[in-house]
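Colleague: In case it helps, TrEMBL gives these features for our protein:
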type	residues	note
DOMAIN	7-174	domain 'Neurotransmitter-gated ion-channel ligand-binding'
DOMAIN	186-391	domain 'Neurotransmitter-gated ion-channel ligand-binding'
TRANSMEM	393-417	transmembrane segment
DOMAIN	399-661	domain 'Neurotransmitter-gated ion-channel transmembrane'
TRANSMEM	424-446	transmembrane segment
TRANSMEM	458-479	transmembrane segment
REGION	512-543	region 'Disordered'
COMPBIAS	529-540	compositional bias 'Polar residues'
COILED	633-660	coiled coil
DOMAIN	682-715	domain 'Neurotransmitter-gated ion-channel transmembrane'
TRANSMEM	698-721	transmembrane segment
Amino acid sequence: CSSADAEERLMNCLLGKDRYNKLIRPAVNSSERVTITLQVSLAQLISVNEREQIMTTNVWLNQLWVDYRLSWDPSEYDGIDKLRIPARHLWLPDIVLYNNADGTYEVSLFTNAIVQFNGSIFWLPPAIYKSACKIEVKHFPFDQQNCTLKFRSWTYDYTEIDLVLKNNVASMDDFTPSGGTCSEAEHRLFSVIFANYNQYIRPVENVSDPVIVQFEVSMSQLVKVDEVNQIMETNLWLRHIWNDYKLKWDPSEFGGVEFIRVPSNKIWKPDIVLYNNAVGDFQVDDKTKALLHYNGDVTWIPPAIFKSSCKIDVTYFPFDYQNCTMKFGSWTYDKAKIDLVLIGSTINLKDFWESGEWVIIDAPGYKHDIKYNCCEEIYPDITYSLYIRRLPLFYTINMIIPCLLISFLTVLVFYLPSDCGEKVTLCISVLLSLTVFLLVITETIPSTSLVIPLIGEYLLFTMIFVTLSIVITVFVLNVHYRTPKTHTMPQWVRTVFLGILPRVMFMTRPEREPEKTSQYLPPQPYPHTHSQQKQQNSNAPHHRHRIFISTELSNLNNLAGTGDSKCSTKDGFLCQEGRCNCCWRQRTTKLPADGGLGGGSGDIGSSYSSSESLDALLSVSALSPEVRDAIESVRYIAENMRLQNEAKEVSREFMTMEMEILESGMHILYSKPKIMKVRILQVIQDDWKYVAMVIDRIFLWVFILVCILGTAGLFLQPLLIGEDS
């Protein structure tokens with residue numbers, strides 16, 4: 001160490017090739033563990049991806065350990081008590097994040113390490129980590145999550161490295177200033193076995209012998225399954241075990257050292273790749289170390305994030321099962337050069353981190369020997385079949401149940417009364433809501449044209465369901481608002497929709513009032529004599545409502561008399577309204593001129609008094625209650641006036657008033673045919689409305705059955721297939 005500059009002299013002394021080997025663990029003896037004091041400082045919680053269950057963090061890893069080979073006396077180097085050395089020139093503990101989710105296991109930046117004069121090394125590298133985190137969204141958005149960051153050495157076990165969560169520096173009480181026998185032996189062993197080693201030559205003594213490589217896959221995490229691009233992303237640990245005869249030694253010659261860890265890029269490795277890789281990165285990262293045993297056995301377990309091609313069948317989405325395969329094999333060595341041996345019969349799932357969307361049913365492995373078209377040789381491979389099932393709870397809550405509710409809203413359209421005027425509005429609202437919902441979930445449904453997903457079939461079924469309901473509703477409204485002026489009800493419609501179907505569907509129509517039903521048909525021709533009317537009543541009792549109307553008209557005619565036949569029509573009917581000038585003139589002229597109610601010599605007015613006329617009117621049982629009340633009022637007034645006239649000889653003005661009141665009653669009575677016509681129209685309109693109600697009830701039950709059977713038929717099918725498989 002003769003350099004003029006003290007720091008340069010110190011660097012040359014510490015990191016000289018003959019003195020320091022960064023590949024050898026800085027342990028004084030074989031039984032001593034290197035104590036690593038680890039502290040994690042969280043700089044930033046960048047994001048939490050609930051769907052993929054990944055947490056992204058900015059972390060500083062505070063690592064502190066002692067390397068006895070890097071100690072010096074500051075007084076010999078101008079008082080220099082610390083150095084800053086690039087971390088890649090030093091031995092570093094291969095501490096990685098175990099539950100990594102993106103394949104970046106190392107830190108983001110290899111910063112300088114601070115080396116103290118006593119050999120203690122302080123290294124604080126920053127890192128952006130994407131770690132797997134099991135997200136529980138049951139109480140979202142008021143949820144609390146527990147995400148873990150698992151750090152440990154990838155290749156060193158607990159007998160070689162001890163991780164301590166303390167802030168103090170490791171104790172230096174047992175520090176040995178010069179190199180011990182173990183470190184010297186390990187350094188010497190490393191120099192011996194790699195002196196004439198060629199990492200590109202296959203490690204066999206006989207060129208015709210194959211290298212037996214034992215292979216096993218351990219799955220750490222099923223990151224995601226991309227249905228659109230048909231890619232499965234997994235976090236795997238690939239375990240390789242083979243024997244390299246050039247890496248054997250006798251432990252007794254090297255201080256009892258039985259195994260060492262060396263960088264994997266310094267030894268020969270089998271070029272095992274993932275055949276069905278989907279991103280172009282076929283090989284794994286070789287930054288991890290390999291474990292060498294004294295008998296030549298080499299164990300290499302590199303981690304890797306693989307994106308493999310997987311044929312996704314989304315027919316029964318979201319109740320689907322998938323079978324994704326991962327095919328591993330040597331890319332350049334055939335079976336005569338490398339033979340693969342499967343460790344175990346399935347993928348190792350001991351360290352598997354459960355996914356929130358998929359569950360692994362089975363993961364068997366098989367070995368195949370295949371001859372490809374490109375080559376004459378036979379190439380072995382190990383293929384793992386990953387049988388996975390989707391957890392449908394998320395899609396059931398957010399997709400299927402809303403679609404089901406929309407379907408049942410469509411059914412309610414047929415239970416909504418037509419008179420409310422909101423049937424079509426409800427149909428259109430349901431259709432619009434379904435359309436908006438379909439646009440939202442299109443991003444969630446796998447966009448493939450090979451097959452139609454189950455949820456896509458259900459959405460199509462619901463859309464057709466709603467469209468048919470709109471068409472049927474328009475037809476029902478057309479029937480509901482039909483009138484006798486626009487449509488004539490056929491007899492088969494009356495028989496089927498008013499007679500048969502209501503009884504089949506247990507529909508009961510309220511009975512009409514008898515005195516209203518007796519007026520629903522038009523009046524019959526007016527009989528010329530009262531005796532002929534009575535004879536017709538006795539001969540046709542089943543037309544009682546027509547007889548009532550004829551009786552009423554005959555009584556009115558008796559009041560008017562038969563002297564003037566011009567008021568009657570040629571068929572014997574009264575005038576249509578009963579209020580023509582002729583009728584009123586007859587009634588006025590046939591009243592006594594002197595105001596008396598009795599007497600008279602030959603005219604009809606003298607033979608019938610006003611009281612008798614009122615009695616004749618009241619004898620007609622088919623009169624409506626309003627007309628009866630009016631006639632009773634007229635009769636009451638007439639009786640009082642008659643009593644007053646007999647006592648006081650009331651003047652002619654009072655009799656004129658009585659006649660005016662009587663004429664008012666006649667006006668009410670003779671307007672009855674118009675009321676009857678309105679009621680007949682109302683009855684026919686009610687029949688059309690009842691037909692529309694029957695049609696509504698038919699499609700109500702039809703749509704309920706179709707909705708239930710369609711939903712059950714679609715969603716029970718994958719469940720039955722899952723049980724069979």
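Cβ coordinates are placed from backbone N, Cα and C, and glycine is handled just like the others.
Heads up, TrEMBL stuff is auto-annotated, nobody curated it.
What's the neighbourhood like for each of these?
Modeller: Outside the transmembrane segment (458-479) by six or more residues, the chain places 400, 403, 406-407, 410, 413-414, 418, 423-424, 427-428, 430-431, 434, 438, 441, 452, 688, 691-692, 695-696, 699, 703, 706-707, 710-711, 714-715 with a CB less than 8 A from a CB of the stretch.
For the coiled coil (633-660), the predicted model reports an average pLDDT of 68.
Within the domain 'Neurotransmitter-gated ion-channel transmembrane' (682-715), the DSSP-based counts of helix, strand and coil residues read 34 helix, 0 strand, 0 coil.
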Colleague: Take the transmembrane segment (393-417) and find every residue of the same chain, 6 or more past its ends, with a Cβ under 8 Å from one of its Cβ atoms.
Modeller: 317-318, 357, 423, 426-427, 430, 433-434, 437, 441, 444, 455, 458-459, 462, 465-466, 469, 472-473, 476, 696-697, 699-700, 703-704, 707, 711, 715
